[in-house]
Amino acid sequence: MLFNLYCVFWREYAAGAQYNFADSLIWFGKEWGGWLVATVPLILALNASRQAGYLLLGVAINGCFVVIFVMAVRIMLDTGEFGQASYIRIIIEQMPKHASALAIFVAIWFYLGGQRPSQSIASEYQPSMTTDEPCEALFIVAENQGIERQVAIADIIRIQAAKNYIDIETNDAHYVKRATLKHIADNFAASDLQQVHRSFIVNLAKVAQLRKNSNGGTLVVMEDGSAVPVSKSYAARLKQRLM
């Protein structure tokens, strides 16, 4: 954006009467209009790729689509700047500029999005009222369809590990958060959230029963009828807390 503002300034003031302000805006639209259109879809696509756990693949695929799109827009808006140059030559000339723009865009997006995990995890687990309220008043900040929401602990059924993220399930929706089960277990040790497996945390308030599976292992059955496996290392603690 600073580069584009500089270009508008240069063409309007530094070049004298050769260009007017309208020419500058038209030039800006031709050079970077494709990016204005592609920015929001690219952000949504990158967020979706990050949540799905395919960040690098998503950056590569979506980045290629965006660069192709913006160069196609630039070629379609050509009003003689390229002369009789072939499309291949135009693409070769335009590629470094738009590839650099993509790299800067992704770097800024990654930097801003990557700051959340490094912040204090506890700052995202806040009481909804006062610190004297019970644990059911706490919530976890997580994303649903790219929007951050407050998920009340009392509404959570289970939390499942998903690579570098966790999937938080309630009766109504699924939420995604970049965190680990260990962080959740440590921050909510006094709540009804209990880790029962290396990949699962359950809400003890939502547990219907414990039963054995065909292999003799323990399953915790939730109120919605779903069953979650219980590791031997967590079984004793789970039974103790359910008493």
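Using the three backbone atoms N, Cα and C, a Cβ is placed for every residue, glycine included.
What TrEMBL says about a protein is an automatic prediction, not a curated fact.
As given in TrEMBL:
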- 151-243: domain 'HTH LytTR-type' (DOMAIN)
- 32-48: transmembrane segment (TRANSMEM)
- 55-77: transmembrane segment (TRANSMEM)
- 97-114: transmembrane segment (TRANSMEM)
Inquiry  = If you average per-residue pLDDT over the domain 'HTH LytTR-type' (151-243), what number do you get?
reply    = 91
Note = Checked against DSSP, the composition of the domain 'HTH LytTR-type' (151-243) is 24 helix, 43 strand, 26 coil
